[in-house]
Structures are given as structure tokens and as C-alpha cells.
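Q: Have a look at the structure that comes next, please.
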There are 2 protein chains.
Amino acid sequence: MSEKDQEVKDQELEEEVAELKDLEEQESVTDELTELTTKIDELDDQLLRARAEIANITNRNRNERELLQRYRSQDLAKKLLPAIDNLERAMATEVTDDQGMNLKKGVEMTLASLQQALKEEGIEEIPAAGETFDPNFHQGVQTVEASDDVPANTIVQVLQKGYKLHDRVLRPSMVVVAQ
Amino acid sequence: MSEKDQEVKDQELEEEVAELKDLEEQESVTDELTELTTKIDELDDQLLRARAEIANITNRNRNERELLQRYRSQDLAKKLLPAIDNLERAMATEVTDDQGMNLKKGVEMTLASLQQALKEEGIEEIPAAGETFDPNFHQGVQTVEASDDVPANTIVQVLQKGYKLHDRVLRPSMVVVAQ
């Protein structure tokens with residue numbers, strides 16, 4: 001090989017090496033870019049999920065608060081029902097003298113103010129007498145025979161009044177049903 | 001300029017141009033890398049904030065729910081106080097005959113069941129008679145002169161009972177205070 005040929009060969013080799021190095025460098029940069037882009041995609045995705053979670057939590061909490069608010073009186077109201085029963089029973093007491101009349105007047109006022117308080121909180125009596133029996137609201141404790149006047153499934157008597165808070169039953173009506 | 005010189009010069013120029021192009025390319029890649037890294041930092045920051053917000057919302061909602069739960073009976077309880085007043089007044093009625101006694105028995109039972117219901121929901125009478133006057137719980141409506149037996153600021157009489165739900169006053173006690 002002449003000296004000149006050797007030189008040319010050396011140069012070719014050098015160029016090849018340089019090219020390879022260039023390629024390597026390019027590849028490593030490309031790898032880095034891909035890595036960063038993937039990382040960005042991941043973060044974008046996580047951020048999207050986090051924001052969706054915020055929206056979900058906020059909605060769920062608003063719903064929970066509304067439910068808590070709507071049925072807030074449930075526990076106390078349930079506990080008041082025996083007091084109302086007592087007062088209604090007391091009202092059935094016959095009195096003849098002035099003292100008894102005064103007392104009865106007091107009971108009447110109390111009953112009215114209790115019923116008013118319950119009504120304002122969304123509590124109302126469940127309609128029963130004369131209605132069609134509905135197991136969601138009424139509890140049948142006795143039956144009588146149905147007749148032409150009283151068709152089957154009609155409530156003929158209420159033994160204990162039932163109450164509901166909005167759509168929730170606090171206590172079903174205890175009833176006698178025609179069958 | 002010889003032909004050879006020209007060739008050398010051309011080659012030098014080409015090399016210079018290639019170098020410059022290389023530099024430009026490197027700079028543009030560096031810019032891109034910087035941009036992506038900045039974007040990642042931004043997303044990291046946003047994600048961190050979003051997660052902090054989730055923690056905040058969750059905490060705040062738990063607190064709100066606890067408060068709603070703790071004071072849920074407030075509205076109904078407040079409305080029940082006149083009924084209790086009425087019953088207590090009715091209990092002061094003197095009766096002599098059996099009918100009156102029966103009625104009074106009914107009133108007594110009602111009062112007891114009302115008081116029990118309120119107590120179970122965290123409602124209690126505000127201590128007043130004999131206590132030191134506290135404007136947070138008592139409302140002074142009359143005064144009497146203080147003496148050796150009754151030091152200033154002592155509550156000497158309760159005109160209307162006050163009630164609180166846990167630490168919240170539903171109605172202050174209406175009192176007569178020594179001054």
C-alpha cells in the first residue's frame with residue numbers, strides 16, 4: 001500500500017468513526033427526548049385524574065351534606081313520637097271541673113306546638129284510615145273481613161299513627177286491614 | 001490563487017459551515033430539552049397543588065360533616081322548647097279529682113319523655129339559679145339589690161329556663177340577677 005493510499009484509508013476510517021459517534025450521540029439525545037415526553041404524558045394523565053377526583057369529591061360531599069341536612073331531624077323526631085302519643089292519649093281523658101279544663105288546655109297547646117315543630121322540620125303523619133294498605137308505610141297488625149262497603153286491602157282502623165320525614169318512614173302506621 | 005489553494009479554501013469553508021450547522025442543531029436540541037424539563041417542573045408543581053387541594057377538601061368536608069352531625073338537632077330542638085314550657089306550666093296546675101290526676105299523669109309522662117329525647121340528642125338545661133351570671137348563657141331581665149347573703153352577679157331567680165345543645169346556646173336563661 002502506498003503512503004497515499006494509507007492516508008486515504010485512515011481518513012475514511014476516521015470519518016466512519018466520527019459518523020458512528022454522531023449517530024450514538026443522536027440516539028442518546030433521541031432517547032432523552034422520548035423519556036421526557038413520556039414523563040410529560042404521565043404527569044398530564046395524573047393531573048387529569050387528580051382534577052377529576054377533586055370534581056368527584058366535591059360532588060359527593062355536596063350530596064352528602066344535602067342528605068345530612070334533609071334528614072337532620074330524624075333522630076330527635078323519632079324520639080319525640082312517644083311524647084306525641086302520650087299527649088294524644090292524655091287528650092282523650094274526660095274532665096269535668098275547671099282545673100281539669102285548664103290542664104287539658106295546656107296539653108292541647110303543647111300538642112299543637114309539637115305538631116307544628118315537627119311539621120316545620122318536614123315530619124308528617126302517614127295517611128292511613130280509609131287508604132289502601134301499603135307495606136312501605138303501614139304495618140298490618142290485625143285483619144277484618146272485607147265486604148261490599150270495605151274492599152280488601154283497605155285500612156279500616158289506625159291503632160298507632162305513623163310518621164314520615166320527607167320520603168323516609170320514621171315509624172309505620174299500625175293498622176287494621178280488610179282482607 | 002492556484003487551483004489547489006482554491007480547493008483547500010473551499011474545503012475549509014465547507015467544514016466551517018458544517019460546524020456551524022452542528023452547533024445550531026445542538027442548540028435547538030438543548031432548547032427542546034430545556035423546554036421539556038420546564039414543562040415537567042410545571043406539571044409536577046400543578047400535580048402537587050392538586051393533591052394538596054384533595055387533602056384540604058377532604059379535611060374540610062370531614063369537619064363540616066362532623067359539625068352538621070353534632071348540631072343536627074338544633075332547629076327541631078329550638079322549636080320544641082315552647083312545648084316543654086307549656087308542659088311545665090300545665091304541671092303547675094292543681095288538680096283534685098281522679099280525672100285531673102290521670103291527665104296530670106299523662107302530662108308528666110310526656111314531659112319526661114320529651115326531656116329524655118332532648119337529653120339523648122345532647123340538649124340540656126343551662127344551670128342558672130344560684131349560679132354566677134354569665135352573659136353567654138343568661139339573659140338578665142330584672143335585678144334585685146345584692147346583700148350579704150346574695151352577692152352581686154348571683155342569679156336569684158329563673159323566669160324562663162334556658163337550654164344548650166352541646167356548647168351552643170339554643171335559648172339563654174331569662175333571669176333575675178343581684179346587683
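Including glycine, each Cβ sits where the backbone N, Cα and C put it.
Computed from a predicted structure; not experimentally measured.
Below are the features listed in TrEMBL for this protein:
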type     : residues : note
COMPBIAS : B:1-11   : compositional bias 'Basic and acidic residues'
REGION   : B:1-30   : region 'Disordered'
Q: What else in the chain is close to the region 'Disordered' (B:1-30), if you only count residues 6 or more beyond its ends and a Cβ gap under 8 Å?
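A: Beyond its ends, the region 'Disordered' (B:1-30) has no Cβ neighbours under 8 Å.
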Q: For a three-state summary based on DSSP, what are the helix, strand and coil counts in the compositional bias 'Basic and acidic residues' (B:1-11)?
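A: Split into helix, strand and coil, the compositional bias 'Basic and acidic residues' (B:1-11) gives 9 helix, 0 strand, 2 coil.
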